[in-house]
Amino acid sequence: MPPDSPRGDNSRTTWEASAQVPGTGENATGATAGAAGEAGEARREAGGADRAGAEAAGARGWRARIIARAGRPWSAEGLWGFWAVSRAVLLVLALYVHPLGAQHGVDGDLELYAGWGDAFVHGRGLPSGDDTWQYPPGAALVFAVPAAVHALVGLPYRVGFPLFMLALDAAVTAALARRGSSRRQDPSDPERVGTRAGARVWLLGTTALGPVTLARFDLVPAACVVAGLLALGARADPGRAPSGGEGTRRGPRYGRAGLAAAAGAMVKVWPAFLLVACGRPAAGPSGLRPAGGPTARARPPLPPLARLAAGALAAAAVVVVLLAAAGATGDLLGFLRAQQARGLQLEAVPATVFVVARMFGAGQSARYSYGSSQFDEPAARAIATACSLVEVGAVAVAVLVWWARPRAADGARVSDRLLALLLVVLVTSRVLSPQYLIWALAVAAAGVALRERAVDRPGDAPLAAAPAARPGAGRSGSHRGTLVLLLVAAVISQVVYPWRYNDVIQGRVVASLLLVARNLLLLAACWRAVRLIAPRPAAGAAGRPRARVPRPRRRP
């Protein structure tokens, strides 16, 4: 018998078939040849399908490789190298963005900050009669720091203020990176590694937002909220106690969280939402427990709610004492009048309809008033009033829902609730300056840092493994989607302000469409964030997915 023919050689296969069947004539030979031809055609089709499948698999593998490369953990050197380069670019843009081609500068508010800080340092109190003063009294302490440096060493305010924000940004980055590294018993271990995903989100988001990151003081309340969330996300790790003895480290630091939230709220109001999102904390086994066995005695800790309130009151007391020492205790709540007198800001999401109308030449142009470009026509005023009512209602509902019953502390859940509430407030606010996105980016970055699993060295126990039954553990895709929407919105926000802001004011089509797209992205991010915290039905008989019954295959 001749040897087996190679694949695809139809002629040899046909000869072999006819030679092995004695007594067959042309009909048999033709039938055999036809069958062999069909077999060869089938093999060619199968080969084409295999090549198409290989190409599709290659395309999927290419995308997977890109995603894997983008999600690869950053080393400490890479993280801080990116921080140095990106912050150098932001600093140059904060100082020279207008000469570099932007239609609007970002140093206009720095002149206001310099005047307020100088007045505070020289004992002239708070600028309560100024329409542009729309901040809680603690903001004067922030403005006074670069002013004091200017008075002492002569550093210009427009340089000292961005450097001050740069120092705070470095502190936030370090805190997020530390949380993202391996949570080991020895924090000084040089072999601590991890994804540092929270720090990466923070760096990418603030870089995408542009020079307003360093030219506004929103980094101060953002740093306070990050500190508060990380304090709530602290875990009770066995090992050496903070005092040096053996024991168990404390769990959630409610006192520190309350301190950070109140300190931030004295600068800008929104960090107070951290207290709302925290909910009524349930009394749990927190505190320092000695390792000497059940007979060892330890000081009973305060209830979580008491510690939260004590921290908040301590921060408020410190700020009031500092203001009193500077003689700035008059009209502490005067900023609320200026806030309520504002119209509908050009960049606000509810102002989108007026932006679209300006694209077609209808309606009035935005005019500068109360420190921003805003619409002041009667319809815009009515919408602005409705926005304030919706904001108050959203916060009230959040308080009623989250404080109705005690809840166990979970920093990741608190960050999810805070991000959802914050985005609801942002998309319904009458004012939405681009630097407000720093708030959402800070909360999102802290949430990522609290959720990520640390990467331990080989052979170590999985200290940072999350509980398998934690609700919401399978929602990482929703988190990623919200993050992507926020990052893209930050990029568009920088293009709109400061680069093409005059085009938006004048109603030019391209710039106006960019602003509309940014607002739609924020609405989508808000929707996803709210859905993420929405309660889901319990896994009961009605909620269980149907089991898939394999269908019997038909025999050929």
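Placed from the backbone N, Cα and C atoms, the Cβ positions cover glycine too.
According to TrEMBL, the compositional bias 'Basic and acidic residues' annotation covers 1-10.
The compositional bias 'Low complexity' annotation in TrEMBL covers 23-39.
The region 'Disordered' annotation in TrEMBL covers 1-54.
Residues of the same chain lying 6 or more positions beyond the ends of the transmembrane segment (79-97) and with a Cβ under 8 Å from any Cβ of it are 105-107, 158-159, 162-163, 166, 169-170, 173, 177, 196, 199-200, 203, 206-207, 210-211, 213-215, 498. Here TrEMBL flags 79-97 (among others) as transmembrane segment.
Same-chain residues lying 6 or more positions outside the transmembrane segment (305-328) and placing a CB less than 8 Å from one of its CB atoms are 120, 123, 125-126, 137-138, 140-141, 144, 254-263, 266, 275, 278, 280-281. The transmembrane segment annotation in TrEMBL covers 305-328 (among others).
Feature annotation from TrEMBL assigns transmembrane segment to 348-370 (among others).
Per TrEMBL, transmembrane segment is recorded for 382-404 (among others).
Under the heading transmembrane segment, TrEMBL lists 419-450 (among others).
The annotation transmembrane segment is assigned in TrEMBL to 481-499 (among others).
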For the transmembrane segment (348-370) and the transmembrane segment (481-499), decide whether they are in contact, meaning at least 3 CB pairs lie under 8 A, counting pairs 6 or more apart in sequence.
no
